[in-house]
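Here's what TrEMBL has on this protein:
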TRANSMEM  21-40  transmembrane segment
TRANSMEM  60-82  transmembrane segment
TRANSMEM  103-125  transmembrane segment
TRANSMEM  131-150  transmembrane segment
TRANSMEM  162-180  transmembrane segment
TRANSMEM  203-225  transmembrane segment
TRANSMEM  246-268  transmembrane segment
TRANSMEM  288-319  transmembrane segment
TRANSMEM  331-350  transmembrane segment
TRANSMEM  356-376  transmembrane segment
TRANSMEM  392-412  transmembrane segment
């Protein structure tokens with residue numbers, strides 16, 4: 001039986017690029033902003049504010065490093081989608097069919113539910129803080145709002161990307177306002193760029209920040225969003241646009257994360273993260289800065305929760321379609337991923353504690369996504385001329401080993 005080639009043959013780029021080719025390359029802008037939502041989700045709110053409150057500016061370098069590491073990871077995901085025309089799960093099933101794909105699907109579905117738990121809880125807390133809506137009702141409203149954003153996919157990828165990009169812009173504006181209202185110490189921020197660890201829970205908080213930044217579903221989804229955006233002749237041009245897209249989106253996400261940490265360091269640094277919850281941060285901002293700051297925080301949290309919940313469900317579709325070759329109706333997919341979150345919110349469990357538990361499950365899923373990404377993008381039979389270079393393989397191997405080790409450490413600490 002003749003196998004269908006997994007990669008397009010490489011072709012030289014013409015000196016004069018047709019207008020249609022240039023327009024197609026421009027469509028590479030947008031997917032990174034959807035993926036960037038995973039880097040500013042409610043889990044990041046919880047870990048960054050806890051880190052800033054506990055250690056001050058000491059972990060600034062961790063936030064910067066985590067977002068720098070995210071750039072090559074997201075680029076490889078985008079490159080896989082552009083070159084093969086397949087998502088990471090689809091490419092994995094083509095290369096490793098059978099049991100391996102089903103195992104990958106099972107762990108990815110568990111991670112998807114944990115992801116949606118964090119996003120769902122964050123949006124519900126945002127509604128509760130903004131409008132004093134009881135948590136069970138906030139859960140229902142969150143489901144409706146997130147589903148409304150998801151339905152934009154039926155009109156094509158652009159409306160969905162624009163909606164998610166608009167919510168990301170709202171998050172950025174919220175934290176720009178908070179940073180202006182409570183400016184960080186320049187000397188403290190610069191000192192925090194020097195890697196160091198203090199005593200107590202500093203290492204655990206650092207690992208938590210990294211674990212909340214690099215998200216498995218962003219890796220799966222980004223490759224899926226890049227499908228169909230190029231032809232063999234314009235792959236290099238599309239990849240150049242994709243690199244710019246990723247650099248800009250990840251920089252914005254990094255600045256938001258940095259703002260979270262520095263605002264917490266400026267206003268709440270007291271040497272302990274025990275009393276820091278999203279609710280106490282909101283109350284503290286209102287008391288120390290003013291009602292406008294509290295409003296900006298709650299609005300940013302709500303935008304983060306709704307957008308990241310929509311993105312998480314979209315990633316779940318890519319995962320099931322890729323690893324199993326099966327699709328579910330959007331409503332069914334949404335109900336499956338949000339069910340654990342609704343149960344937890346209605347049971348009275350502390351929402352911030354639920355966020356922490358979700359990060360433990362996410363730590364379990366990160367190595368699977370990273371190893372699969374590295375293995376697939378390093379196969380010449382799959383990637384052709386765009387196969388990973390040796391320096392890239394070495395760099396990504398180091399990233400995979402370090403992130404896997406850190407997340408296993410976080411998992412062990414949380415379970416103990």
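Even glycines carry a Cβ here, placed using N, Cα and C.
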Self-check item: Close approaches to the transmembrane segment (331-350) from elsewhere in its chain (Cβ under 8 angstroms; 6 or more beyond its ends)
Solution: 112-117, 120-121, 124, 135-136, 138-139, 143, 146-147, 150, 277, 309, 312-313, 316-317, 320
Quiz item: Should the transmembrane segment (356-376) and the transmembrane segment (288-319) be scored as in contact, given a threshold of at least 3 Cβ pairs under 8 Å and pairs 6 or more apart?
Solution: no
Practice problem: Six or more residues out from either end of the transmembrane segment (162-180), which same-chain residues have a Cβ under 8 Å from its Cβ atoms? | Solution: 30, 33-34, 36-37, 40, 149, 152, 252, 255-256, 259-260, 262-263, 285, 289, 292-293, 296-297, 299-300, 303-304, 306-307, 310-311
Quiz prompt | Segment proximity, the transmembrane segment (203-225) to the transmembrane segment (131-150), 3 or more C-beta pairs under 8 Å | solution = no
Practice problem: Select the range from 60-82, 203-225, 288-319, 392-412 that forms the most Cβ-Cβ pairs under 8 Å with the transmembrane segment (103-125). | Solution: 288-319
Quiz prompt | Long-range Cβ neighbours of the transmembrane segment (203-225) (under 8 Å; 6 or more residues past either end) | solution = 30-32, 34-35, 38-39, 41, 43-44, 46-48, 50-51, 54-55, 59, 62-63, 65-67, 69-70, 73-74, 77-78, 80-81, 86-89, 91, 108, 111-112, 115, 157, 161, 197, 257, 261, 273, 311-312, 314-316, 318-319, 322, 359, 362-363, 365-366, 368-370, 373, 403, 406-407, 409-410, 413
Practice problem: Go through the chain and flag residues at least 6 beyond the ends of the transmembrane segment (246-268) whose CB is under 8 A from any CB in it; none is fine as an answer. | Solution: 32-33, 35-36, 39-40, 44-45, 48-53, 55-57, 59-60, 63-64, 66-68, 70-71, 74-75, 78, 168, 171-172, 175-176, 178-179, 182-185, 188-189, 192, 209, 213, 276, 281, 284-285, 288-289
